[in-house]
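Listed in Swiss-Prot:
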- 1-15: signal peptide (SIGNAL)
- Asn40: N-linked glycosylation site (CARBOHYD)
- Asn74: N-linked glycosylation site (CARBOHYD)
- Asn160: N-linked glycosylation site (CARBOHYD)
- Asn179: N-linked glycosylation site (CARBOHYD)
- Asn246: N-linked glycosylation site (CARBOHYD)
- Asn317: N-linked glycosylation site (CARBOHYD)
- Asn346: N-linked glycosylation site (CARBOHYD)
Amino acid sequence: MKAIIVLLMVVTSNADRICTGITSSNSPHVVKTATQGEVNVTGVIPLTTTPTKSHFANLKGTKTRGKLCPNCLNCTDLDVALARPMCIGTIPSAKASILHEVRPVTSGCFPIMHDRTKIRQLPNLLRGYENIRLSTHNVINAERAPGGPYRLGTSGSCPNVTSRSGFFATMAWAVPRDNKTATNPLTVEVPYICTKGEDQITVWGFHSDNKIQMNKLYGDSNPQKFTSSANGVTTHYVSQIGGFPNQTEDGGLPQSGRIVVDYMVQKPGKTGTIVYQRGVLLPQKVWCASGRSKVIKGSLPLIGEADCLHEKYGGLNKSKPYYTGEHAKAIGNCPIWVKTPLKLANGTKYRPPAKLLKER
């Protein structure tokens, strides 16, 4: 009983020092809430990061494709897509691809009128497939195509392993052997020859030059008409005659002519058609492509690995669930973009020390 009386006396004698509520020092952490606006809390965990620009990398757990053909030295992706001699090789399969050539200005072999068609898009089209292979057989016999017989034209800028001159493996430059005369539009059917249910990408085009060269090669110096049709898409062209400055490609002879190159996508079992006059570049080997590969704009080389590939920041490792800064396309295990930093309150709402209770 005595012990109890002593305890009560201690409490009573120190009543002016008892505080109510939570005591803490002034908190520097402020969070915005949905119901109370800005609130001071005793602790927070940052949920956002602001990345810095870095090199691009291989995506963790995924095959990442940089160049279409890594082993094709001194070749642009357009060289590979058109199967330029010395630029033919294996394209590795990949679930993710880096678009590193935005506007290739040359493809070797022969001066191309890039802006007449969507040919600049061909490497990017191929890049969007997981599996890509070039057919081992030609899709048509170009020498015996309608309007022939033809000899196959070559360029000194296209040396191959057996000759100082050649041409793209995807096309045959059809030059009449004997019947160098004007012709009405001719039609050739392009069969589907891929064997695994892939999309078939068929490359074709036409050559045009000045009037003297057109007469010499084809016996007709007038503008020529061309049409391709496949998978419900039809494209028309009329060739331009003359007006081209001489241009040299990769050490070959100066060329007064130009070629226009296009492609058509054929679905499994579907036949395409090409209607043409003189100067046609008939399709030969075709691309067989399947699966999907995610494509993102970036740069080479790919160094190391990263959780995420971001068009503005390169390779990112996911240290926080959200990020601020520049918003752009990203692929992989990426943080989510937010306008302002996010914080998770892991403490309590800050309360100032309660006023001391005074004895009356």
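The backbone N, Cα and C atoms fix where each Cβ goes, glycine too.
All protein chains shown were included, and the count of other CB atoms within 10 Å of the CB of Asn246 (N-linked glycosylation site) stands at 10. Asn246 (N-linked glycosylation site) and Asn179 (N-linked glycosylation site) are 28 Å apart (CA-CA, integer value). Ranking the glycosylation sites Asn160, Asn317, Asn346 by how many other Cβ atoms lie within 10 angstroms of each Cβ puts Asn346 at the bottom.
Per Cα geometry, Asn40 is the residue among the glycosylation sites Asn40, Asn74, Asn160, Asn246, Asn317 nearest to Asn346 (N-linked glycosylation site).
Closest to Asn40 (N-linked glycosylation site) by Cα-Cα distance, out of the glycosylation sites Asn74, Asn160, Asn246, Asn317, is Asn317. Neighbour counts of Cβ atoms within 10 Å were taken for the glycosylation sites Asn40, Asn74, Asn179; the minimum is at Asn74. Of the candidate glycosylation sites, Asn160, Asn246, Asn317, the one lying closest to Asn74 (N-linked glycosylation site) when CA atoms are compared is Asn160. Recorded residues Asn317 (N-linked glycosylation site) and Asn246 (N-linked glycosylation site) have their alpha carbons 50 Å apart, per Cα-Cα distance.
Taking CA atoms as the reference points, Asn246 (N-linked glycosylation site) and Asn160 (N-linked glycosylation site) are 23 Å apart.
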